[in-house]
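Student: Right, I'll just put the structure down here and ask away after.
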Amino acid sequence: METSVPSSKDASPQRPVKLDDAFSMTKFGVYNLYLIAISGIILAAVLLETLGISYVLPVAECDLLLTTREKGVVSAISFAGIIFSSHLWGFLADTRGRRAIIMPTLFLAFASSALSSLTTNFWLITLMRFLTGFFMYTPCERLSMDCFLSDSVSGSSATIYAYLGEFHGKGNCSRAIMGASFVFGVGSLLLPLIAWSIINQEWEFTIPVLNVIYRPWRLFLVVCSLPSLVSALALLRLPESPKYLLSRGREAETVAILHSMYRWNSRSRDPPLVLTGVLQETEAEQTKVRREEAANGKSVVGLLKQMWHQTAPLFMGTYLRRTTIICVLQFGIFLTSSGMYMFFPDILNRIAAQQGKGVERITTCNAVYATRVDIRELVNVSNGTARPDLCHQKLDISAYEHSFVLEAIYAIGFAVIGLIINAVGRLPILLFVFTLCGTCGILIVYIDLPLLAIWFYMILLSCGFSVNVVNACAVDLFPTNLRAMAICISLMFGRLGSIVGSNLVGFLLDTHCELTFWISGLLLVGCGMLSFFIPNIYKRQPSERFSVSSR
């Protein structure tokens, strides 16, 4: 027998209702749009903070005296900070509150990123970029939110997706997440435009107290950190997640938030919302006991014990093979899509430098070899300043143009995959993406037409399309109580791949450039072969929902 949900225009119920029904009564309006916008800005902040540094390194190498290997370390260190902190922040968000963790880490991420713009050497910027990643509110957490799990959102933004989803019922949850993903997509497209508008300016001034020559790339780092500050300030107007509060037994606060949502969303002629209470959601007894123990635990040992209970089952029994396959696939994807991306503007700038000298036909690696310099030899011993005639203060316009095209390819590609995945199936998509991208990565070594090589490079980096498809596979491979943690652990291995990839390029680029592309290309082809061994990969899911998430 179906029960009707009272609308806000009818007489308000005089008895407690389910939380999903209460969300329906508050309507979908300004409050929800505000939440979606802020969540999207936070997701965009993650992108700007982690990938924005790739535009800085080619023009900051002389100011910071960075070798190519050190560039690899700096570009990867934010991902290392994310890995170190993600489990902790996620556990605290699950036991102490979503907003209680998101907001302070946003402020701290802004502070560390802004301070990194004032650094003067490799060790200082490495430390500050590590702290930026550490506070990048990108936790792994155990979630029961249905729309979060079924939509396979990226673990790199798990908490903000959880926070956003827990203000919506099942009917609007996916729409809210897609809205935030759209805002994130806009931020992705704006990244190269922001970099071009700031980094290629011609100005500088000296800060005597700090002995810092302030150039446009330093301002760019500050601008990249501003979304963290803006979203943190915006969160001051928002409460804790109502679903989280209800799970903690704080029903009165949950009801107050629902009334506030209704006031934001309703028109002046709408009747006031009268809500007497919200029904507690059912929960497995074992989950409830563990959650209460985690919330009441104060010792570090207790926290580590609870974190272990959340993670250990994934590496035991039948789940071990599944977890291993998913983690290896994400490692390979991120090694290329993020690790190789961090040197994309730098390599394009080197190719443009050779073209500027009149060289029309040259392979990518020969362009790299022709432009390599030893930063240590650039320093003038007499005054300790770098020689400006050999230092790049700008990026060639083609680097920004192709970066913008790459982001547009990602935006369109995610949308297309979302439309065809149910009809085509996951295995054909994985095989196509892995094989095409891997083959292009290998062919880059031999192509001596710079423009064609750049397009093949962009196709290589497009392997990031597979991230969401692999996440969708993980949703079906693990039960509800392990699903979110499985996705998160796999994406932690993906971030590890980003670190390995960035350092691999930094270590090999100037001396064994061809090997760099061979490794990434063959690894992707290997991932394509491994896709055949994903359990149930041949089975299609006609009811599956698929959302766009961050790379």
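Just so you know, the numbers here start at 1 and follow the chain as drawn.
Heads up, the Cβ atoms here are built off N, Cα and C, so glycines get one too.
Got these off TrEMBL a minute ago, pasting:
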- 33-539: domain 'Major facilitator superfamily (MFS) profile' (DOMAIN)
- 33-53: transmembrane segment (TRANSMEM)
- 73-93: transmembrane segment (TRANSMEM)
- 105-131: transmembrane segment (TRANSMEM)
- 143-164: transmembrane segment (TRANSMEM)
- 176-199: transmembrane segment (TRANSMEM)
- 219-238: transmembrane segment (TRANSMEM)
- 325-344: transmembrane segment (TRANSMEM)
- 404-422: transmembrane segment (TRANSMEM)
- 429-447: transmembrane segment (TRANSMEM)
- 453-474: transmembrane segment (TRANSMEM)
- 486-509: transmembrane segment (TRANSMEM)
- 515-538: transmembrane segment (TRANSMEM)
Student: Before we move on, state whether the transmembrane segment (515-538) and the transmembrane segment (325-344) share at least 3 Cβ pairs under 8 Å, counting only pairs 6 or more apart in sequence.
Tutor: yes
Student: Mind pulling out the one from 105-131, 176-199, 325-344, 486-509 with the most Cβ pairs under 8 angstroms to the transmembrane segment (219-238)?
Tutor: 105-131
Student: Averaged across the domain 'Major facilitator superfamily (MFS) profile' (33-539), what pLDDT does the model get? Just tell me the whole number, please.
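Tutor: Looking only at the domain 'Major facilitator superfamily (MFS) profile' (33-539), pLDDT averages out to 84.
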Student: Answer with yes or no whether the transmembrane segment (404-422) touches the transmembrane segment (486-509) by the criterion of at least three Cβ pairs under 8 A, sequence separation 6 or more.
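Tutor: Taking Cβ pairs at least 6 residues apart, the transmembrane segment (404-422) and the transmembrane segment (486-509) are not in contact, as fewer than 3 fall under 8 Å.
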Student: If I count Cβ-Cβ pairs under 8 A between the transmembrane segment (325-344) and each of 176-199, 429-447, 453-474, which range comes out on top?
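Tutor: Looking at each of 176-199, 429-447, 453-474 in turn, the most contacts to the transmembrane segment (325-344) are made by 453-474.
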Student: Quick one: do the transmembrane segment (453-474) and the transmembrane segment (105-131) have at least 3 Cβ pairs under 8 Å, skipping pairs fewer than 6 apart in sequence?
Tutor: no
